[in-house]
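Notes to accompany the following structure.
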Amino acid sequence: ATLLISTACLGGTACVVTGQPFDTAKVKMQTFPNMYKGLIDCFVKTYKQVGFRGFYKGTTPALVANIAENSVLFMCYGFCQQIVRRIVGVDRKTKLSDLQNAAAGSFASAFATLVLCPTELVKCRLQAMYEMQLSGKIIQGHNTVWSVVKGVIQKDGPLGFYRGLSSTLLREVPGYFFFFGGYELSRTFFASGRSKDELGPIPLLLSGGFGGSCLWIAVYPVDCVKSRIQVLSMAGKQAGFMGTFVTVVRTEGVLALYSGLTPTMIRAFVANGALFLAYEYSRKLMMKQIDSY
């Protein structure tokens with residue numbers, strides 16, 4: 001468990017430092033698609049309006065979210081693999097199929113959602129604060145993590161941190177089926193008959209990147225709705241998942257649900273490749289330590 005948490009900390013830090021500008025662009029483009037023509041336009045306008053620090057708004061909650069989610073996700077992944085083994089009636093040491101591993105990852109993501117939703121809400125609000133003020137939806141924005149947290153508690157109480165929970169669950173549970181499924185299928189392809197444990201760093205990086213890409217392609221419209229709910233609820237009561245989804249499609253068209261997909265795919269491939277590489281090597285180190293006792 002300690003090694004997995006250390007992996008989550010290292011992997012999470014690397015993911016956020018390298019991927020935060022792309023994640024910020026994603027949230028801005030999802031919530032206010034009419035303000036930006038594309039990724040480059042979003043980057044240029046953000047730099048002109050707020051400066052370089054604008055790309056790293058919400059970094060602290062993003063870091064907490066990434067570390068917390070990955071810690072819970074990978075700890076629960078092993079537990080959920082054992083549950084899948086019991087369901088299908090095989091020995092606890094039996095290797096699961098790619099489909100069974102995908103199901104285990106999907107189960108594990110439900111637990112991760114509980115720690116992810118509050119931190120993502122704070123992150124998304126900080127990232128889109130400038131646009132909320134510019135559009136006139138709010139008069140004065142909160143520019144620090146603590147001011148956003150205090151604002152949520154004063155306005156909605158502790159449960160306010162779970163706005164967008166159903167959307168987060170709708171994203172995470174099917175998304176992580178494709179995440180772990182894509183990762184395992186890719187590893188199977190690269191192994192080509194050998195043991196997947198023998199794969200080197202490049203195939204692991206590519207497999208992790210492929211898994212991350214599968215996740216976001218599958219659930220991106222759901223994530224777009226989640227971002228809108230979490231950000232726009234700052235200005236007052238926001239409709240739930242179906243209400244927001246229908247409103248976006250009717251007023252802006254289906255393509256609005258895919259605003260910000262480009263920065264998401266760039267970030268997903270790089271960040272998840274690094275994450276799985278760190279996970280696999282820490283798992284091997286942990287197994288060696290166990291075998292040595």
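For all residues, glycine too, the Cβ spot is worked out from N, Cα and C.
All TrEMBL annotations are machine predictions without curation.
The signal peptide feature in TrEMBL is assigned to 1-19. Residues annotated as repeat 'Solcar' in TrEMBL: 2-83, 96-189, 199-285.
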Secondary structure composition of the repeat 'Solcar' (2-83) [DSSP: H/G/I, E/B, coil]: 75 helix, 0 strand, 7 coil
DSSP-derived helix, strand and coil totals, residue by residue, for the repeat 'Solcar' (96-189): 78 helix, 0 strand, 16 coil
